[in-house]
Every structure is written in structure tokens, then in C-alpha cells.
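Feature annotations, reproduced from TrEMBL:
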REGION    1-68  region 'Disordered'
COMPBIAS  10-33  compositional bias 'Low complexity'
COMPBIAS  34-47  compositional bias 'Basic and acidic residues'
TRANSMEM  81-102  transmembrane segment
TRANSMEM  142-160  transmembrane segment
TRANSMEM  181-199  transmembrane segment
TRANSMEM  219-236  transmembrane segment
DOMAIN    220-311  domain 'CAAX prenyl protease 2/Lysostaphin resistance protein A-like'
TRANSMEM  248-266  transmembrane segment
TRANSMEM  272-292  transmembrane segment
TRANSMEM  299-320  transmembrane segment
Amino acid sequence: MDEATELRSSDTPSSTAAPAPRAASAAPGSSDPAQRDSDHAPRDSDSAPRGTGATPLSGGGVPLVPVDPERDRRIARRRRLLIIETVLVLAISLGQSAWYSILRIIERMTRGVPLAKQTSTLNASVTPGRPWLDLGYQLSDIAFGVVPALLAIYLLATVNPPRGGVRHRLGLVGPRWGHDLGAGVVIAAAIGIPGLGLYAASRALGINTTVQASALQGAWWVIPVLILAAVMNAVLEETVMIGYLITRWLQVGWSTLTVVLASALIRGTYHLYQGWGGFLGNVVMGAVLGLIFTRTRRLLPLVVAHTVLDVVSFVGYALLAPHLSWL
């Protein structure tokens, strides 16, 4: 058995444990579980064969798992490599954004200007007054922005691939495409409406900046670029933070709760540049999406939900901001 096969067989923490003995039916008239267990306890002949390295428990109980130090070392090494892999993927993508957001919030908090009077600008123009060059910059940012997501999928497919393959593990298989689209819209509404309330409350409390969702103006391509940017954000964040990280960390052997919370905290951290309201809202969003994924194993509804949220935010702001002074 090679290392990849060994680790695939231990995608969850419990998979390395010895299989439980098959339950036997109780003797007629017996209702005591302890009595039923003792009736079917392994006999001396059930102990491990000589030379396997297994040692029977004292008292003739169930034998221990055969000791294979070399196999254990290979699995431990493979798990360490997977952790290193996830750190490197984060370091070139959203983990890097999280680090710079930490520095940004420190700068904002020490600027001497209240957070509520500061502005966070998304989708800013790179070369104002030169729309064609600006379009080139915007499309380049979008194209390169999805590369970490493609890298994450490539690594999942080629380095210790999950049992059943990447498409199966991420739920990128039919015939539920229509259901996934509808579920994504519902998730977007369930997250977006309370999210607006949280944003308004955090601004009123002075713990969040004013978020300018789009600063692109005056060009015919603004709306299409904002839609593409929304798709890019959704593909990048949900593929890396949910599909990739949760799959990898479960393979390492961490619990579902641990991986969901860790992913959610990283998501909140790379939104810290917006303020503490943005941090809290995105932690909650990340936890909700992570739990949905661990239960459904369908990534597409999360990508759809994130896309809808960002399209409404980016395009809605671009269309309404000139007419609503409070935005």
C-alpha cells in the first residue's frame, strides 16, 4: 500500500482505529448488554497470530491493532506535508490577504481618525482617465485572481486525491445543477439580508468603515467587469477556503468543527481592512457556508450564493450610489 492510499484510508480521525467487532445477536431471553458481550467475547484462539506485532489485551480481551511503525511514520509524514501544502496555498492567496488586512486594521486603528469616518474602496480604478488601459488592468486582476483556486483543485486532484475524486468530493457532478443554483440564491438571501443589518449596526457603533463597493465610473464596461469580479471572488474564496481547505484538513485528521472554525476565522481576518463589523460578518458567513458544505458536499451552491451577494453589492452600489447620499 503506498502513502497516498494509506492516507486516503484515514481521511477522518477515526479511520485509523481498529474496526469494531460485528455485533452478535443476543442469546434468547438475554437482555443484559454486558452478558451479551461476554457471551461473544473472543476466545484464546482469536488472539493475534505470532509475528504480527499485535499484543492481546490482558484478560483475553480484543487484541490491539498490529503495530506497524513504518506505516505510522509514512502517514504522519504525509499529513505534515498536507499541512505545509495548505499553508503555502494560503500564503500566495487569501492567507496573504489576511496578513495585510491585519496590518491595515492596525494602521486604521492608530490613524487618529475614527473607523466610522474612514472608507474602504473596492474595485478601484487603476488608471483613471484612460479607460482602455484600466480595462486591461481590471481583466488581468480577474484572470490572475482565479489562479489560486485552479491550483487548489489541481493539488487536490494530483496529491493524495480524496476518495472518489475531486469532482465527487466537491459535489461538482450532476444532475443537481438546477437545485444547486436555486439553493445558492436562497443561501444568498439568508446571509445577505442579516448582513446588511450587521453592516448598518457596525457603522452606527463606529466599529466599521464605510465600504465603497465600486469606484469604477464612466466606462461602458463597468457593469460587466463588476459581474466578472463578483464571479472571481466567489470562485476564489469558496474553492480555496471551503472546498480545498476543509477537504485537506479533514484528510489531516482534524475535526469538522475545527476545520470549519479555522476556515471561518481566516475568512473574517482577510476582511478586517473593512473594520470589525466586516470581520464578524464574514466569520459568521464562513461558518455557515462551511457547515453547509460538510453536510451537503456541494460547492456550487456556495459559489452561486457568494456571486449573488457580490453582484448585488458591486452593481447595486454602482447604480445607486450617485442617487443615494447615505451609501
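Going from the start of the chain as shown, residues are counted 1 onward.
Every residue, even glycine, has its Cβ placed from backbone N, Cα and C.
Recorded stretches compared: 142-160, 248-266, 272-292, 299-320; the one with the most Cβ pairs under 8 Å to the transmembrane segment (181-199) is 299-320. Highest Cβ contact count with the transmembrane segment (219-236) among the listed stretches 142-160, 248-266, 272-292 falls to 142-160 (criterion: pairs under 8 Å). With DSSP classes pooled into helix, strand and coil, the tally for the domain 'CAAX prenyl protease 2/Lysostaphin resistance protein A-like' (220-311) is 81 helix, 1 strand, 10 coil.
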